Each structure stands twice: as structure tokens, then as C-alpha cells.
């Protein structure tokens with residue numbers, strides 16, 4: 001039973017699909033995709049449930065969402081294990097993902113109040129009131145890299161605002177989505193408020209193009225996001241929130257603590273096997289002896305990164321990539337850069353055939369005149385040596401993306417200079433660029449998004465403002481407008 005529609009589990013009526021543990025190549029979940037008719041049923045169920053869900057009021061909705069938080073807390077070990085098996089990420093990392101899902105509840109409640117709450121201003125003859133209303137039925141498209149946390153970051157604020165949801169997870173992580181919906185069901189969510197449709201491209205297209213959805217919240221590749229943006233052209237009445245990738249730069253300038261810099265570089269480039277949209281893809285290090293020493297230490301540290309299966313003991317830093325196909329894609333990306341003149345300082349390689357396990361790579365691309373502006377979504381870091389800080393910033397900005405960027409530097413003036421000139425939605429100083437606060441907005445510019453920042457600002461795209469002028473009774477003004485006689 002792979003589809004959850006109107007509070008009931010159904011088998012899909014499409015074709016057979018399975019989910020593979022990428023560290024072993026073994027199937028861990030099997031199901032049948034949703035057809036366009038089942039997608040239609042899910043949207044109809046969400047539509048039928050929406051007004052009553054909204055009319056429950058915020059406190060009642062929050063109470064049910066809090067019950068979901070309790071279910072997450074009670075089942076966190078089991079959910080973390082499912083995420084680890086299906087994504088290949090190490091157990092320590094998936095435990096932090098479930099922790100982020102739990103923390104999202106309080107953050108979303110606070111954001112709802114701060115970003116989209118109710119505000120009243122008393123006037124001489126009445127009052128001005130600002131309220132917010134839900135859009136209605138929204139589709140949530142989830143990614144595979146954080147299959148619990150990232151869709152959760154759309155679903156929770158959407159529900160708190162009074163929307164109902166049709167959730168289409170990544171076809172690579174269906175088991176995680178199924179486990180999430182079981183917890184929502186146990187939390188007592190009314191029928192139709194969340195509906196799950198599992199499937200591949202055909203299922204996604206049926207949902208994205210459905211005339212009865214009022215919005216779509218997407219986390220995933222820039223390519224798919226741009227297709228959705230084109231599809232929604234001419235539909236100004238629908239809200240579209242796109243959270244996409246990046247070709248993210250990290251610049252190092254004048255750092256005295258080389259060991260700490262190496263640590264932040266590794267955390268920026270190789271965490272989650274490089275499968276975070278905020279991961280550093282390009283590293284800029286000054287020419288000279290200090291830069292040479294930093295690179296030497298970085299090479300040693302990258303070679304020492306432990307890679308292993310999700311359940312390996314001791315636990316590895318890097319687990320598997322999402323699939324063998326993804327692993328082969330990174331090997332091919334490295335070969336492309338080498339053919340253009342890149343020199344591998346640490347060779348990325350597939351660790352075991354038939355799996356998504358790869359070792360991390362570091363490649364010097366300084367001599368490549370036209371560096372491809374691509375998001376290589378894996379553990380491959382491109383190194384560029386520079387002599388001039390302005391030139392490093394110019395190169396860092398030479399991308400159509402604009403998600404995250406960072407500077408490792410002892411001098412605050414250097415950071416202020418960098419901050420004023422860099423083009424990105426997340427800009428960190430002396431911190432890994434994969435680090436982001438849930439109490440802040442999360443999003444980028446350019447090909448990284450469409451100005452609908454998520455995280456704390458997700459509340460903004462989950463509701464629309466309603467401005468009212470109100471009085472308790474009708475009354476005559478002190479004087480009539482010219483030309484009136486009543």
C-alpha cells in the first residue's frame with residue numbers, strides 16, 4: 001500500500017517501482033506508482049478537507065502538528081535508520097536530520113506568528129486589521145538528499161497556515177515518505193489534510209499540472225525547477241516556491257589557524273557525500289607559501305576521510321551517494337574537468353562496483369580558462385589559486401547560481417568587503433557554508449531559486465495577506481464629501 005489518499009492506504013495502479021539501499025545495491029522497498037487518476041483523487045481529497053482544516057483555527061492545527069512532533073520523538077531511532085538505509089547516509093547524520101525535523105515544529109510555529117500573524121491598529125473611527133489566509137491545496141515535491149527534513153520544512157508551515165497538502169516525494173526515497181505519513185496518521189491528522197502520491201516523472205507531471213492545486217513547493221535540481229517555472233508562466237494565481245541548487249564558492253584569505261580552515265573546507269565540501277545544495281563546489285586559495293601549506297594539509301585530510309556504509313562501525317564521515325548512477329556521474333564529471341586541463345590532487349573513485357560509494361576528490365582547475373558552471377552534486381571540490389582578492393570575488397560570482405558562499409579570513413574588513421560584493425542568499429564567515437540556521441531564511445538568487453526563501457521564511461509563501469478596515473457598526477462621518485446630500 002504505497003499511496004495515502006483521504007486518510008486511507010491504497011496500492012498504486014501504475015507500474016512497479018523499488019527503492020535500493022545504495023550502499024548494498026539491495027532492494028528495501030517495493031511499490032506501484034500512482035496514476036493520474038489517483039493523483040486527481042488525492043487533490044480532490046485535499047480540496048474537500050481544506051476549509052474545515054482552516055476553520056479549526058491555528059491553535060487546534062498546532063495541537064495536531066505538536067502530536068506529530070511527539071510521534072517523531074517517539075520513533076526517531078527507527079526513522080533515522082530508514083533514512084540511512086534509503087539514502088546511504090551514515091547513522092550519525094540521519095539522526096541529526098530527524099532532530100531537525102523535530103525542531104522544525106517550534107520554529108514553524110514561531111515563524112507563523114512573526115511572519116504571518118494577525119495585527120490590529122486602532123484608528124479614530126475603527127481599526128485596521130492584518131490577517132493571513134492559506135492558499136488552499138498545495139503540492140510539495142521532496143528531494144532525496146534530506147527526504148525527511150526538507151519536505152517537512154514545507155509541509156509543517158503549510159499545515160499551520162491552514163493549507164492541505166499533496167506530497168510527492170523523490171522516487172529514490174519512497175520508504176522515508178511512507179514512514180512520515182504513518183506518523184502523521186498516528187498524530188490524528190484529519191482525512192484528506194495530507195495525501196501521499198508515490199511515483200516517478202509521470203506522477204510528478206500529473207500533480208504539477210493539476211488545475212486544482214493553488215501552489216507548488218519544490219526542492220530539487222535547477223533543471224526541474226526551471227521546467228516548473230516555465231510551466232507556471234501565465235498562472236499568476238498560483239504560488240510557486242523553488243529551492244534549487246548552487247555552484248557555491250568558498251574563498252580563503254589570510255587564515256592563521258590552518259587546521260580549522262581545513263576542517264571548515266571539508267565540512268563545506270564533503271558532508272553528505274557532497275549532496276547538499278549548499279556544498280562548496282569551488283575553493284579559492286591564495287597563491288604563495290601559506291596557500292601551498294593549506295593545500296598540503298587539505299590533501300592529507302581529504303585522503304583520510306572515512307567512507308563506508310550507513311551502518312559501518314566505527315561510523316564513517318561519508319556514506320554512499322544516492323545511487324550507483326550518481327556515483328558514476330561524479331566519476332564522469334571529474335573526467336570532464338581533467339580533459340579540460342584540471343589536475344587531480346586527490347582522485348575521486350568508485351569504492352565498490354554496484355554501489356553509490358565513492359571516495360572524495362579534489363581537483364586543481366586553475367588552468368581551465370572556461371570553467372563549466374555546473375553543480376556537480378557530489379564530493380568533488382574544484383580548487384582555484386588566486387593572487388588578487390577582487391579577482392577571487394569576481395570568479396566566485398561567475399555563476400548563474402547564487403545559493404551559498406563563504407569566506408575564511410581573520411580580518412573582519414575582508415569579510416565586510418566580501419559581503420558587500422558576493423551574490424548569494426547565504427553568506428558565511430569563518431563557518432562551513434553547509435551550515436544554516438532554521439531561525440533564518442534559506443534560499444538563493446539566480447538559478448538557485450525564485451525569491452521564495454524557505455526555512456523561517458517558509459511561512460511567507462504558505463499564506464497571503466488580507467488587509468481589512470473595520471468598525472463595529474456603520475456610522476455617518478462628521479462631514480460629508482463635497483457634492484453629497486444624504
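Going from the start of the chain as shown, residues are counted 1 onward.
Note: Cβ is positioned from N, Cα and C throughout, glycine not excepted.
The Cβ of residue 223 (NAD(+) binding site) lies under 8 Å from the Cβ of no residue that sits 6+ residues away along the same chain. What Swiss-Prot lists as NAD(+) binding site is 220, 221, 222, 223, 224, 225, and the listing cites sequence analysis.
A strand conformation is recorded for residue 243 (active site) in the three-state DSSP classification. Residues annotated as active site in Swiss-Prot: 243 (among others).
According to Swiss-Prot, the feature active site maps to 277 (among others). According to DSSP, residue 277 (active site) is assigned to coil rather than to any helix or strand.
There are 29 other Cβ atoms within 10 Å of the Cβ belonging to residue 277 (active site). Residues 220, 221, 222, 223, 224, 225 make up the record's NAD(+) site, and a Cβ search at 8 Å around their centroid adds 218, 226, 227, 244, 245 from the same chain.
With respect to their backbone Cα atoms, residue 225 (NAD(+) binding site) and residue 277 (active site) stand 13 Å from each other. Counting every protein chain shown, the Cβ of residue 243 (active site) has 27 other Cβ atoms within 10 Å. The Cβ of residue 224 (NAD(+) binding site) lies under 8 Å from the Cβ of 218, each of these being in the same chain and 6 or more residues away along the sequence. In three-state terms derived from DSSP, residue 220 (NAD(+) binding site) belongs to neither a helical nor a strand segment and is classed as coil.
Reported as a whole number, the C-alpha separation between residue 222 (NAD(+) binding site) and residue 243 (active site) equals 8 Å.
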